[in-house]
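A quick write-up on the structure given underneath.
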């Protein structure tokens, strides 16, 4: 008799995706982050659902409803901080996942890569709208500043901003629609994740060496399911420590002050995981130029396959490219730090240099160094 997991219509799909999936035998722990993201999404949706049961999307009561969740709801503080810090962990995993894709040349699977970029944009939009919901000072001013960037679009900019706001400023209509979108987007993200996996399983996983691994595959379960579980346990312990010992470490103290349109905070900044993009935006004095740089800092990922000039797929055997990659990582960490600093000397200058270096590495240095490595290997 055939095993039920191989014959049942639904179980068969799960079996081919997570149990009997042929997987390269040499993939490292950097490949854990894809499954980690899927696992991170589940508690985000569950905690979000419980928060939505008690939250009210109204400017007069939003702030106090969040305070009510933390004070009066059974384990409300735990649900709220797990949701907030879970988002930070989600983004750390997301950036590592993208970084691994760049390092090992996974972007050569163009459909999977492009689907991943759509997912990245969706997650960023969801996180931004979620940050607005507690209706603290930073929520309100963050929403005002970031949505206002669209006014830089020629001709239609102002109308577009007012259309998004649902009025002439960030107000009740904005909060209501942001809550609606923040609620629905995670389910859209889940659907997009399935499509992302579908494209991945068409080609099979990449591996650290970057060469074809069809001749050397092993089943996903139990080998990689246990390996992924270890990764999940590791992240879960960090998240738990963050939630229970220092829940406000990654938050902003200004968000404990109710939103006040008449009082601007001294330093408006987004969540910690958007600071690198915010630093790139601020480094250009022109508004439209800044917005373009901000969008391009993420959109640049789409052209990664076109910038690949190396004869080897992975950076595993390319030390010069490896050096460039880690300079890029250090540069992004510098940008993250700059984004959290006030707009004054020397931070402005460091931000401008780091932004320039970011685009230079990806657009010019990486393709050039890859070509040099080809020459050195007489390819």
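Just so you know, glycine gets a Cβ as well, placed from its N, Cα and C.
What Swiss-Prot says about this protein:
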| type | residues | note |
| --- | --- | --- |
| TRANSMEM | 33-53 | transmembrane segment |
| TRANSMEM | 77-98 | transmembrane segment |
| BINDING | 83, 182 | heme b b562 binding site |
| BINDING | 97, 196 | heme b b566 binding site |
| TRANSMEM | 113-133 | transmembrane segment |
| TRANSMEM | 178-198 | transmembrane segment |
| BINDING | 201 | ubiquinone binding site |
| TRANSMEM | 226-246 | transmembrane segment |
| TRANSMEM | 288-308 | transmembrane segment |
| TRANSMEM | 320-340 | transmembrane segment |
| TRANSMEM | 347-367 | transmembrane segment |
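In terms of C-beta pairs under 8 Å, the stretch of 33-53, 320-340, 347-367 lying closest in packing to the transmembrane segment (226-246) is 33-53. Of the two recorded stretches, the transmembrane segment (347-367) does not lie close to the transmembrane segment (77-98), with fewer than three CB pairs under 8 Å once pairs fewer than 6 apart in sequence are set aside. For residue 83 (heme b b562 binding site), none of the binding-site residues have C-alpha atoms inside a 10 Å radius of its own C-alpha, out of 97, 196, 201.
Residue 201 (ubiquinone binding site) sits 29 Å from residue 182 (heme b b562 binding site), counting Cα to Cα. In three-state terms derived from DSSP, the residue listed as 'ubiquinone binding site' belongs to a helical segment. For the binding-site residues shown (83, 97, 182, 196, 201), fewest C-beta neighbours within 10 angstroms: 201. With a threshold of 8 Å between CB atoms, the same-chain residues lying at least 6 positions outside the transmembrane segment (178-198) that come near it are 17, 37-38, 41, 44-45, 48, 52, 55, 57, 112, 115-116, 118-119, 122-123, 125-126, 129-130, 132-133, 143. Rounded to a whole number, the distance between the Cα atoms of residue 182 (heme b b562 binding site) and residue 196 (heme b b566 binding site) is 21 Å.
Taken residue by residue with DSSP, residue 97 (heme b b566 binding site) is part of a helix. For the pair residue 97 (heme b b566 binding site) and residue 182 (heme b b562 binding site), the C-alpha distance works out to 23 angstrom.
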